[in-house]
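Here's the structure we're looking at; comments come further down.
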Amino acid sequence: MKEDIVDPVLEIHDLTVSYSRKPVLWDIDFSLPKGCIAGIIGPNGAGKSTLIKTIMGVIPSSSGYIKIFDQTLNAVRSRVSYVPQRESVDWDFPASVLDVVLMGRYGKLGLFKNTNKQDKRIALECLEKVGLQDYTKRQISQLSGGQQQRVFLARALAQEADLYLMDEPFAGVDAATEKAIIEILREMANKNKTIIVVHHDLQSVVNYFDWVILINMRLVASGPTQKVFNNKLIQEAYGGKLTLLTEIGNILEERQIPPREK
Amino acid sequence: MIAFWIILTGSLVAISCGLLGSFLILRKMSMIGDAISHAVLPGIVIAFLLSGNREPLSMLLGAGFFGLLSTFIIEYLHQKAKLQTDAAIGVTFTLLFAVGIILISVFTGKVDIDQDCVLYGEIAYVPIDLWILDDGTIMGPRPIYILSTVLVLIVLFITIGYKHLKIGTFDPAFATAIGIPTVLWHYLLMGAVSITTVASFESVGSILVVAFLIGPPATAYLLTDDLKKMLIITCILGVLISFFGYWLAYWLNASIAGCMTVLLGVFFTIVFIFAPNTGILAKKLKSNKNAISI
């Protein structure tokens, strides 16, 4: 099931990605409307991270095309931001919180220019948005997992982009951070920014996302959450793993086995 | 004057190597420096056989080519053959170094290089390796000019590329995503390491080059959590080690490169024990304090 969009922010057509000839994503084909928070949902190994890395040009694609704002990535790079998985970097790197957030400005600077006062002001504003204004000078290794994730979010905000791609921003963060992050994302979506989030917690999907992209190597569904996020399609995406649980559920239902013997 | 030239040579090498080495250790590629410093050997011999002289330019070109070649082979083995980086490094540099040794032994009569000199160098000969103009003017030791040129190039490279090197080291995926050519910077860095290694090891030997690539940055890493400060501390450490290393060797009447390398180990150990935040003493005190407060 796929809902097509007129004038999409992101349009992916027939995308195939392979690692040393073995395809990990097949014929991915969908488009996204402006100003939504979209979740990319699928089981482990479904290619969720691969999909957004390919959109960002970190991994090359084998076939198909990706259009962002109806242009190629290179033409609109400054309007696109990326939040990698928190574990993908070494947090013992000698840098302060402010240093990392300032990196969000590097894309706009070119080779010879250095970050100036305005860049610093923007970085500090972004740190305030994520609630880390008191940690600007802190060494990044001294942060908790949730704080590290906020630093990454602040760095993405500092890019002042229109499209944000985030790889598992809720992985391993505390409940307070998760709530803070989703509030910031809502605020951004209200300002007509588009946010794509790789997510694996099925429980929170309905609350967090307006739009859902279900994948498992192939596209299973793409559309508004209430239309797409139903048992049939989730099962299709998760294949065997959920079916087993569903079968157990069905057996329990049919035989009416009480959850606990009295 | 002899002391001055030797300490200056050591310092020039230490600063060039340390600046590049800082990025290598943060990229978890310290051993790449080791690999390159050995893998350039066949390049040097071939350059010598082709040009018939020991002019620095042809040496640098030959060595630079083989340095880059070795990093390409390492990347290739790692990415295509799925070999771990350290295994790829081990296979590549031993092979290339051995090819170099064979070339030297086959062309013994024609090549003015010997294995000992390659490994250990002889920094003590720097003051007598003079650059003399045609009219007989003595311009001072030749290596000083070569090493100063290299240092200027490296400082320029690091200053211009600082932002891109930093972000490409910390978060290569993000750097690529915002349009920074991380692969190009990777090979530029490897090229810079090749050139520095070659220019340096003629005077100081490859062991001291490897020591200066890794030792001062690793020590500085323990002392600070700011990349710029780490680079500055690395440079200062390099100069201190050259200075005290020379006088230690003078006093013991021992190998200068050996004394400098030993001092590096001593500096690292002192910092490892006494560093204000990361040292084992500080950690011990902290955990004791916690234990008392509990």
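The backbone N, Cα and C atoms fix where each Cβ goes, and this holds for glycine too.
Bear in mind that the values here come from a model prediction, so they are computed numbers and not experimental data.
Annotation source TrEMBL lists transmembrane segment at B:6-25 (among others).
What TrEMBL lists as transmembrane segment is B:32-51 (among others).
According to TrEMBL, the feature transmembrane segment maps to B:57-77 (among others).
Long-range Cβ contacts of the transmembrane segment (B:89-109) within its own chain (Cβ-Cβ under 8 Å, at least 6 residues beyond either end) map to 31-32, 34-36, 38-39, 41-46, 49, 66, 69-70, 73-74, 77, 83, 115, 118. Here TrEMBL flags B:89-109 (among others) as transmembrane segment.
Residues or ranges marked as transmembrane segment by TrEMBL: B:144-162 (among others).
Taken from TrEMBL, the feature transmembrane segment covers B:174-198 (among others). Within the same chain, residues 16-17, 20, 23-24, 32-33, 36-37, 40, 43-44, 59-60, 63-64, 66-68, 71, 150, 153-154, 157, 161, 164-165, 167-168, 206, 209, 213 sit at least 6 positions outside the transmembrane segment (B:174-198) and bring their C-beta atoms closer than 8 Å to a C-beta of that stretch.
Positions annotated as transmembrane segment by TrEMBL: B:204-223 (among others).
Here TrEMBL flags B:230-249 (among others) as transmembrane segment. Listed by sequence, the residues of this chain that lie at least six past the ends of the transmembrane segment (B:230-249) yet keep a Cβ under 8 A from its Cβ atoms are 3, 6-11, 13-15, 17-19, 21-22, 158, 212, 215-217, 219-221, 223-224, 255-256, 258-264, 267.
Under the heading transmembrane segment, TrEMBL lists B:255-275 (among others).
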Candidate ranges B:57-77, B:144-162, B:204-223, B:255-275 - greatest C-beta contact count to the transmembrane segment (B:6-25) (under 8 angstroms): B:204-223
Selected stretch (most C-beta pairs under 8 A with the transmembrane segment (B:204-223)) from B:32-51, B:57-77, B:144-162, B:255-275: B:255-275
Tertiary contacts of the transmembrane segment (B:32-51), as residues 6+ beyond its ends and Cβ separation under 8 Å: 17, 20-21, 24, 58-59, 61-67, 69-71, 74, 89, 92-94, 96-97, 99-101, 103-104, 107, 110-113, 118, 190, 193-194, 197-198, 201, 206, 209-210, 213-214
